[in-house]
Structures are given as structure tokens and as C-alpha cells.
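In what follows, a structure is listed as C-alpha cells, so that the remarks can point back to it.
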Amino acid sequence: MPELPEVETVRRGLQPVMEGQRIARVETRRDGLRFPFQKDFVARLEGRMVSGLGRRAKYLMADMESGDVLLMHLGMSGSFRVTLPEGESTPGDFHYPRSENRTHDHVVFHMASGAMISFNDPRRFGYMKIVPRLEMDAEPLLRGLGPEPLGNEFDAAMLAQSCAGKKTSLKAALLDQRVVAGLGNIYVCEALFRSHLSPKREASTLASRSGAATDHAKRLVGSIHTVLNAAIKAGGSSLRDHRQTDGELGYFQHSFLVYDREGESCKTPKCRGTVKRFTQNGRSTFWCQTCQK
Ligand SMILES: [Zn+2]
């Protein structure tokens with residue numbers, strides 16, 4: 001499943017072909033994806049200029065000059081392919097499987113520039129929705145979302161405040177989109193490992209009795225920033241290499257320290273532990289019980 005860094009990489013890959021460009025024609029090749037397309041979906045996009053391409057959590061947001069915003073979510077298996085006269089690229093080539101099967105191209109944006117942007121999604125958990133910019137604050141898909149993990153407002157004080165008194169595990173708290181938006185299983189495992197905190201630790205321990213951020217909270221926020229930035233950087237390198245890529249270059253999975261490493265030795269210097277896996281809230285947690293406390 002694409003996580004935040006992948007979505008950010010996709011955004012950066014699509015930016016040059018979408019921003020400041022007009023959508024000439026839109027093809028929807030079925031009635032909908034996870035949800036049906038709005039009846040006026042095509043009409044509200046065709047002939048319109050995209051003034052900016054942003055991201056909120058795992059949503060891509062194409063700002064239209066008309067005042068609409070096109071929200072796009074990759075779901076479990078969604079990806080975009082950009083076809084230009086000089087060749088094709090697939091922004092966001094990461095560790096999640098991507099389909100090459102063109103029968104799964106469900107939405108195609110034909111840009112006035114000649115670029116073709118195809119949305120491919122075999123499992124169809126992705127979705128697209130157009131929302132007037134003025135109604136964004138009330139949009140149910142976005143309303144409950146907490147702060148962006150790489151945004152200025154997300155810091156140790158804020159994380160401590162959200163976790164104060166929470167009896168749930170740290171892992172569950174970090175996956176809660178109201179606490180922090182867009183963090184998924186992989187990067188939560190990586191961030192907890194790098195900050196040497198147990199995924200089973202009670203979330204409330206990020207706050208002192210007075211509600212202030214503990215050192216744990218500070219360490220954790222630092223690790224969240226580190227893993228996300230490293231992953232976005234790795235995605236960026238895969239973007240740069242896409243012309244000659246064999247599909248392996250720039251994969252961030254090569255630098256996972258704990259995720260998907262069950263049974264292998266812990267990468268914390270001087271730790272002699274072994275990476276273990278267990279199921280937590282229905283998801284696989286990878287951790288080292290020797291150095292994550
Ligand atoms: Zn260890």
C-alpha cells in the first residue's frame with residue numbers, strides 16, 4: 001500500500017505535467033473506483049487549468065483554476081503513468097507492487113500539452129472526488145485528519161498532547177490519523193525502531209504528568225522526520241532514474257532497518273537482538289525487544 005512518502009513522490013513526479021497545465025479531455029473507463037464518480041466529474045475537469053498540485057496526508061489535491069479541488073487517493077494498488085511524446089514514466093515506483101496491465105487504467109487525463117496521465121488501479125480501492133475549495137474544511141474525507149507529520153505544527157509538544165492519558169499502544173496511537181495524518185505501518189515501525197521505543201509502550205508515556213513532552217516524544221518526532229525525509233529522498237532518486245530504471249533503483253526498502261526483517265539481526269549498533277514480528281491491531285509489527293523499550 002502506498003504510504004505518505006510514496007504519495008509525495010508521486011506528487012513531485014506529476015507536478016511538471018499537471019501544474020499550470022490544462023486538462024483537455026478526461027476518460028473514465030468505468031463508473032467508479034472505490035466510490036462511483038460524481039455525475040459531473042468529467043465536465044468539471046475538461047478544459048480546466050490545474051493551478052497547483054498539493055498533498056494532504058495521502059491525498060493528492062489538484063487545485064483547479066475553476067475553484068474546484070480534485071482529490072485523488074491511491075488506495076491499495078493505485079499508480080499513475082505519465083506518457084509523453086518522448087517516453088513513459090511511472091512516478092512513485094516504490095516497494096508496493098505496481099500493475100503494468102493496462103486494462104486497469106481506469107482514468108486517463110489527456111493534457112492540452114500532449115501529456116497523458118493514466119491512473120491504474122487493479123484492486124480499485126483508490127478514489128477521486130471533486131470538492132469546491134470553499135467546502136474543503138467541511139469535507140468528510142479530510143475533516144478528521146491530524147497534523148501533517150512533516151508540517152511545522154507537528155512537534156513533540158503536540159504529539160504529547162494528543163497522547164496524554166491514552167491507554168492504547170504507541171503503535172496504535174501513531175497509526176491513528178487524528179493523532180498524525182498519513183503515517184502507515186511501515187514508517188511507524190521504522191520510526192519506533194530508530195527511537196528505541198517499544199511498539200507496545202503505552203501512548204500516554206509520551207507526556208509527563210503535566211502534559212509536557214517527554215524525551216521519548218522528542219526522540220520519536222525526530223525519528224518520524226528522519227524516516228519520512230529519507231524515504232522521500234529515495235523516491236526522488238527513483239524519479240530521477242526512471243528513464244533507465246530496471247524497477248529496482250531508489251527503492252527505500254533497501255534501507256529499512258526493521259520492517260520486513262523478521263529473524264535477522266538488529267541493526268542498532270552493539271545490540272545483539274533479533275528482529276521479531278507480531279500482529280498488533282491486525283497489522284504486522286517488526287521490532288527488536290532487546291533495544292526497544
Ligand atoms: Zn536491537
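Including glycine, each Cβ sits where the backbone N, Cα and C put it.
According to TrEMBL:
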type	residues	note
ACT_SITE	P2	active site, schiff-base intermediate with DNA
ACT_SITE	E3	active site, proton donor
ACT_SITE	K58	active site, proton donor
ACT_SITE	R283	active site, proton donor
BINDING	H104, R123, K166	DNA binding site
DOMAIN	2-126	domain 'Formamidopyrimidine-DNA glycosylase catalytic'
DOMAIN	257-293	domain 'FPG-type'
Using a 10 Å cut-off, grab the number of neighbouring Cβ atoms around the Cβ of R123 (DNA binding site), all chains included.
14
Among the recorded positions listed here (K58, H104, R123, K166, R283), which has the Cα closest to the Cα of P2 (active site, schiff-base intermediate with DNA)?
K58
Rounded to a whole angstrom, what is the C-alpha distance between E3 (active site, proton donor) and K58 (active site, proton donor)?
7
Can you give me the Cα-Cα distance between K58 (active site, proton donor) and R283 (active site, proton donor) in Å, rounded to a whole number?
19
Would you mind reading off the Cα separation of R283 (active site, proton donor) from R123 (DNA binding site), to the nearest angstrom?
19
Indicate whether R283 (active site, proton donor) is helix, strand or coil by DSSP.
strand
Using the residues the record lists for DNA (H104, R123, K166), what whole-number Å value is the largest Cα to Cα distance?
42
Overall pLDDT of the domain 'FPG-type' (257-293), taken as the mean:
96
Please report the three-state DSSP label of H104 (DNA binding site).
helix
Reduced to three states, what secondary structure does DSSP give P2 (active site, schiff-base intermediate with DNA)?
coil
Listed in sequence order, residues with CB under 8 A of K166 (DNA binding site) and six or more positions away:
A173, E202, A203, S204
Within the chain of H104 (DNA binding site), which residues six or more apart in sequence place their C-beta under 8 angstroms from its C-beta?
N120, D121, P122
